[in-house]
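According to TrEMBL, the active site, proton donor annotation covers A:207. The annotation NADP(+) binding site is assigned in TrEMBL to A:9, A:10, A:11, A:12, A:13, A:14. Annotated NADPH binding site per TrEMBL: A:108, in sequence order. Per TrEMBL, L-homoserine binding site is recorded for A:192. According to TrEMBL, the domain 'Aspartate/homoserine dehydrogenase NAD-binding' annotation covers A:9-132. Under the heading domain 'Homoserine dehydrogenase catalytic', TrEMBL lists A:140-313.
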């Protein structure tokens, strides 16, 4: 069945959803950036929208809010993640649910910071909320947990920030210091000009907070403030040298367990499943009856994250 | 650079080669007959081992129908092999008694002004308050950079005391302005 998508957020993820929706048999009928929107009940032409954005800095004539008046089935919320009240993302979700539409989130804010509020709104709506894209990009983490059943998964741990992992694995492989590798990562576009979110562990923590919320299945609500978070700025090359001498390495590891959420640089054996290199991500699920499951892949990027968004959309059919 | 250089070459406690008694764990299987436990313990005391605790799982049986017993003992490092030999000579079935099974081993890396923060005091306090034994210490500093130096500590810890040890290390590090890179205990295979 073809669904009509309204996409909020014209960054890498939103733009890729616009490009790839047709490949999944869906139409994007509304598309908005922070200042404008384009609406076409027959489905937008991706290249025309991208051209307009490049040429005029807007995606269309209408105001962003016009998206909500379009005739759509699923709201794709792909605006930048914000902390605290998770606005404006949260209000976007609230509005779509009030209109009994489905919501697919790529934005981590509402699921990490206001999980209970979100679930309460969902309970009163005909629509449902999906957020596979918020955790681990293309890696099907949440759908795997859903298949296993959250009560059968006792813990999730792993590497869910490609920037921090790129920096640590390159420092270890090349014997370079943090500042040097960070500058290189910024040149390559792997790290942003302001890398705080990634190198201080906040991005990874948000994802593990989401996992904790999902695993706790409504019993305990977690938010970023509940997480113990330490980034990688205090991991010098000397620590990686010493780890390597003993067959170990250091990775920014997140954990969502019954004890809560923790993100910190940790010593792990070289060559172990969690010692992924570069921007690769991995999640390890600890199951009650079936041991460990490891799922790895690309945890970020426009088409990768859009793939998770469109998988969520397909689940709504 | 070794621990001794920093310590001023003082003590044998930190270099792991002295005669200080160290804790060990031996796992035995006993046949369910009277007197078996006593017979198994005699070779330990006869050979200079000091029994710390005996965990006798009488209710549970091994796949071979024997009773598993875990013995914690303390002895100078050079006596341990002799104790295991004596047990085997006495016909006791020793399941696990290798260096890697003597309780648990924990590795941590401390980062910061390792030397200025009195390394010797740090090590001493970890050993005394965490009931852990330092097995190995390595230091790394890169000359000509302003990168922080690091110290890798390998600690032998009594079974079940890993969390407690890590918590002692964390508190000490916080007090001295050091950062700790802790091991990931589970799931790293």
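The chain as shown is numbered from 1 upward.
Each Cβ is built from the backbone N, Cα and C atoms, and glycine gets one as well.
Structural mapping of features recorded in TrEMBL.
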residue	record	DSSP (3 states)
A:9	NADP(+) binding site	coil
A:14	NADP(+) binding site	helix
A:108	NADPH binding site	coil
A:192	L-homoserine binding site	coil
A:207	active site, proton donor	helix
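Its own atom aside, the Cβ of residue A:14 (NADP(+) binding site) has 26 Cβ atoms within 10 angstroms in the protein chains shown. Neighbour density at the Cβ, taken as the number of other Cβ atoms within 10 Å, is lowest among the binding-site residues A:10, A:12, A:13 for A:12. The number of other Cβ atoms within 10 Å of the Cβ belonging to residue A:11 (NADP(+) binding site), over all protein chains shown, comes to 15. Note: the CA-CA distance between residue A:11 (NADP(+) binding site) and the residue listed as 'L-homoserine binding site' rounds to 14 Å. Summarising model confidence by region, the domain 'Aspartate/homoserine dehydrogenase NAD-binding' (A:9-132) averages a pLDDT of 96. Within 10 Å of the Cβ of residue A:108 (NADPH binding site) there are 25 other Cβ atoms, across all protein chains. The recorded positions recorded for this entry are A:9, A:10, A:12, A:207, and the Cα of A:207 lies nearest to that of the residue listed as 'NADPH binding site'. Same-chain residues that are not part of A:9, A:10, A:11, A:12, A:13, A:14 yet have a Cβ within 8 Å of the Cβ center of the NADP(+) site turn out to be A:7, A:15, A:16, A:17, A:78, A:79, A:106, A:302. Its Cβ placed at the centre, residue A:192 (L-homoserine binding site) has 13 other Cβ atoms within 10 Å.
The 10 Å shell around the Cβ of residue A:9 (NADP(+) binding site) contains 23 further Cβ atoms across the protein chains shown. The Cβ neighbour count for residue A:207 (active site, proton donor), using a 10 Å radius over every protein chain in view, is 28. Here the CA atom of residue A:207 (active site, proton donor) lies 22 Å from the CA atom of residue A:10 (NADP(+) binding site).
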